[in-house]
Amino acid sequence: MANINLDAFDKIIALDFGSQYNQLITRRLRDFGIYSELLSHKLTADEIKEINPKGIIFSGGPNSVYDPNAFKVDPEIFKLGIPILGICYGMQLMSYDLGGKVEKADNSEYGRADIEVLDDEAVLLKGLPKKQYVWMSHGDLVTQAPAGFEVTATSKNCPIASIADNDRKFYGVQFHPEVRNSEYGLDILRRFAFDVCGAKANWTMDDFIDMQIDEIRKEVGDKKVILGLSGGVDSSVTAVLIHKAIGDQLTCIFVDHGLLRKNEADQVMDALSRDLGVNIIKVDAADRFLGKLEGVTDPEQKRKIIGKEFIEVFNEEAKKIKDADFLAQGTLYTDVIESGTDTAQTIKSHHNVGGLPKKLGFKLIEPLRKLFKDETRELGEKLGIPHELVWRQPFPGPGLGIRVIGEITPEKLEIVRESDAILREEIKKAGLDEEIWQYFTVLPGIRSVGVMGDGRTYDYAVAIRAVTSIDGMTADFAKIPWDILQKISVRIVNEVDHVNRILYDVTSKPPSTIEYE
C-alpha cells in the first residue's frame, strides 16, 4: 500500500475516544513538526510499545467513564513510562483508572470558560497568564484527583480543571487545548510535546517526499499503475508524486464527464500533462453522462448515476492498459480516520473509485493516506504543481451535476459554469479568494419575471453560495462587501443568457449544508 516508514520520526500518538475535535490534536502536533497519528483506544500496551511514541494523548469523547459501556484503555499503558496527556474525557478516564473520582457535573460547561492557574510552576502552565479563557465541552468532572496528582487550574464550574503528576509525567486538562478558542491551548500542547515528551520537530515534507518515492518504487517495481484523475487536489498531487517515483509506469485516466467548471479540463491537462509530463488519457464522455442523466431530478439518483457511469468508463479504459497491477487513489488521512476508528461513522465511498480495486483485481496504492488536506496542498506545491491548482476550491465528485437543482441540461450547465466563472474571477480580483473558504453559484431551478430593456423576461435565478470555515464541519456565510456583490450580480445578469435574478445565500451550516444537493 506504499505506506511510509515512520521509524525515522519522533511520534506522539493520540488515542481516539470519539471527540469531535480529535483530528485537531494530530493536526496541531504536525503543525509543530512532530509526526502524530490518531489511533484506536483499543491499542494494547504492547502495541503502543511497538510504535515507540514519545508521548500519548487521550482524546476527549462523549461517554461517561463510569458508564459500563464507556470506552476504556489498557491499564498496562500507565506502566510504560511514557508521558500521557488526558484531554476532557481523557483526563477523566486517567483520573478514574488511577483511583480518582469522576461524577456528573451540577452545571455542565459547553463553550468558553475562564480558568485560573493555581500553580505558577506547573509544567504545562508555567509563564502563562494566571487567568485565561479556554474551550470546555463536558457534562462530567473530576471531583477528586488520584494520589500523586496536584490540581493546577480551576474554573467557576470545574474546581479541578487541570492536574499534574510530574513524577510519572501524567497530565490532564478538562478543557480542549487543541481548539483555537482556548487562548493558550497551543502553548500547552507545545510544552507537553517538547518539554515533557522531549520530542524533536523532525517531520518535514521534504523527508516525506523522499521516503514515499522510495516506498512506491520498492512496492511497484517494474509494474504499471493506473489512477482515476478527477482534476481535484488529492488525485492531482497523487498523480505527480507517483510520476516522480516511477515515471511513465503510471497512466492516469481523466474522465471528463461534462460537469467540470469552466476551462477546468484544459487547466488540468496543461498543468499535469504538458508542464509536468504526467501520462494522461483524457476521455471525453460528456454526451454519455448527460444522456444517462436526462429526465433525472432526484439528487441521490444523480449521484449514483454519475458514480456508476464513471466506474464503467474508467473500467473500459483500464482494461486497455496491459500489465497494470496497481490502482492509485488520493485517500487522505481524514478519510482513514473517519472510516477506520472504532468511534467514527463510516464515510461514503468516493464516487469515482469506490469498488474499483475489487472489481478489477488491483492492488491499492494510497501515498497520501498519512496526510491532512493542508499537508497535501503543501506537498503539491513542493512537487511543482501550480499554486492555483493546488489551492483550488473544494469541488464535489459529481461536479456541477449537484449545483443544478433538478434535471441537468446543457443549457442549465452553461448557466452555472459561466456564472461560477464570473463569481470566481471577481472574488479573486477583490483579494478575497483565500479569505473565503468556498464560493460557487447554484441554479436553484426557479424562474421569475423580470424586465430587460423594454421587454418582459421569464428567466432563471442564480444563487451565490459563499462560506467561511476552517474544516467544513461548520460554516458561516461569508460577508462579501455589497459593492463586490453588486458587481458580480450585474456581470452575471448581463453576460449570462437566460438569467434575470441573483440571490445571495445567508444561511450557516448547520442548519444548511454547504452544497445544495
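Just so you know, the numbers here start at 1 and follow the chain as drawn.
Glycine residues also receive a Cβ, built from the backbone N, Cα and C atoms like all the rest.
As annotated by Swiss-Prot, active site, nucleophile applies to Cys88, with the evidence given as sequence analysis. For His176, Glu178, the entry in Swiss-Prot reads active site. Swiss-Prot lists Ser230, Gly231, Gly232, Val233, Asp234, Ser235, Ser236 with the feature ATP binding site. The domain 'Glutamine amidotransferase type-1' annotation in Swiss-Prot covers 11-202. Positions annotated as domain 'GMPS ATP-PPase' by Swiss-Prot, on the basis of sequence analysis: 203-392.
Across the fold, the C-alpha of Gly232 (ATP binding site) and the C-alpha of Glu178 (active site) stand 29 Å from each other. Within the same chain, the residues at least 6 positions away from Ser235 (ATP binding site) whose Cβ sits under 8 Å from its Cβ are Leu227, Gly228, Leu229, Gln329, Gly330, listed in sequence order. In the three-state DSSP classification, Ser236 (ATP binding site) falls within a helix. Same-chain residues that are not part of Ser230, Gly231, Gly232, Val233, Asp234, Ser235, Ser236 yet have a Cβ within 8 Å of the Cβ center of the ATP site turn out to be Leu229, Val237, Thr238, Gly330.
Every protein chain considered, the tally of other Cβ atoms within 10 Å of the Cβ of Asp234 (ATP binding site) stands at 20. Across the structure, Gly231 (ATP binding site) and Glu178 (active site) are spaced 33 Å apart at their Cα atoms.
Every protein chain considered, the tally of other Cβ atoms within 10 Å of the Cβ of Glu178 (active site) stands at 27. Restricting the average to the domain 'Glutamine amidotransferase type-1' (11-202) gives a pLDDT of 93. Of the binding-site residues Ser230, Ser236, Ser236 has the largest number of other Cβ atoms within 10 Å of its own Cβ. Non-local neighbourhood of Val233 (ATP binding site): Gly330, Lys373, Thr376, Arg377, Gly380, Leu389, Val390, Arg392, each in the same chain, at least six residues away, with C-beta under 8 Å from its C-beta. A C-beta separation below 8 Å, combined with a sequence spacing of at least six in one chain, links His176 (active site) to Ser19, Tyr21, Gly60, Ile87, Cys88, Val134, Trp135, Met136, Ser137, Ser182, Gly185. The two recorded residues, Asp234 (ATP binding site) and Glu178 (active site), have Cα atoms 25 Å apart.
Separating the Cα atoms of Ser230 (ATP binding site) and Glu178 (active site) is a whole-number distance of 33 Å. In this structure the C-alpha atoms belonging to Ser236 (ATP binding site) and Glu178 (active site) are separated by 30 Å.
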